[in-house]
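See structure below.
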Amino acid sequence: MMRVKAKKALGQHFLRDLSIAERIADTLSEHKALPVLEIGPGMGVLTQFLLRKGHDVRVIEIDGESVSYLREEFPELSDRIIEGDFLHYPLSELFPGGRQYCLIGNYPYNISSQIFFRLLDVREQIPCCSGMLQREVAMRLASPPGKKDYGILSVLLQLWYNIEYLFTVDASVFDPPPKVQSGVIRLTRNDRKELPCSEKALKTVVKTAFGQRRKTLRNSLRGILPAGFDRFDEPVFSKRPEQLSPDDFIALTLLLQQ
């Protein structure tokens with residue numbers, strides 16, 4: 001049986017612990033009616049449990065060596081193994097007509113944040129996303145307001161998803177072992193259908209505010225304030241960005257658009 005050599009340039013760290021792989025697969029147990037897209041399956045340690053548990057699985061893998069291994073190891077998946085880059089692949093071709101599906105994966109550390117920005121672009125089709133990533137990033141995504149981990153992605157994802165930090169995974173169960181611990185999270189889409197403000201404006205406010213997170217909003221947002229803005233007496237401007245909830249950022253954006 002062939003094996004795949006982990007490639008540092010692709011951020012590959014292959015999970016060896018089968019019990020952890022099964023626990024990750026179980027994070028989608030309430031969504032078996034929906035197809036699943038696994039990102040970066042590597043040698044299929046998670047894939048095998050998704051299949052055993054009855055999921056309709058598709059996988060997308062950028063590494064040609066891993067793709068060859070998967071096609072040999074999982075012949076029943078041959079037409080559902082996509083060789084490509086999740087960040088740029090036209091996902092509407094896999095799930096046309098707005099079809100709902102779930103995401104899962106042992107996400108490459110070097111692009112984990114980019115994966116979740118891509119999730120935001122296709123969120124209307126994804127009611128649940130779970131998987132493993134660098135613990136620091138996982139904690140950041142799930143962080144509530146007021147914590148040092150709370151940041152841009154925390155706000156933008158929590159606008160649309162409820163995020164749970166499920167458990168920590170030690171570096172020793174990977175080949176090769178990463179230099180940091182990993183964390184498993186689950187995102188479940190909330191009931192929000194649309195925003196009462198411009199989404200583009202909201203993203204600008206959030207990114208600008210956290211770009212100078214030690215400053216109060218009165219100072220950090222000066223560069224994007226509309227001409228003649230005179231509402232600095234509002235209490236929100238004396239706060240720092242990590243003190244604002246996602247809904248607070250919506251209210252702030254509406255205030256700036258008045």
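Note that Cβ sites are derived from N, Cα and C of the backbone, with glycine treated the same way.
Annotated features in Swiss-Prot:
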- H13, L15, G40, E61, D85, N106: S-adenosyl-L-methionine binding site (BINDING)
Cβ proximity for N106 (S-adenosyl-L-methionine binding site), under 8 A, sequence spacing 6+, ordered by residue number, returns H13, L15, I24, G40, G42, V45, L46, G131, M132
L15 (S-adenosyl-L-methionine binding site), Cβ-centred 10 Å count of other Cβ atoms over all protein chains shown, is 19
Three-class DSSP assignment, N106 (S-adenosyl-L-methionine binding site), comes back as strand
CB contacts under 8 angstroms to E61 (S-adenosyl-L-methionine binding site), restricted to the same chain and 6+ apart in sequence, sorted by sequence, are G40, P41, G42, V67, L70, I81, I82, E83, G84
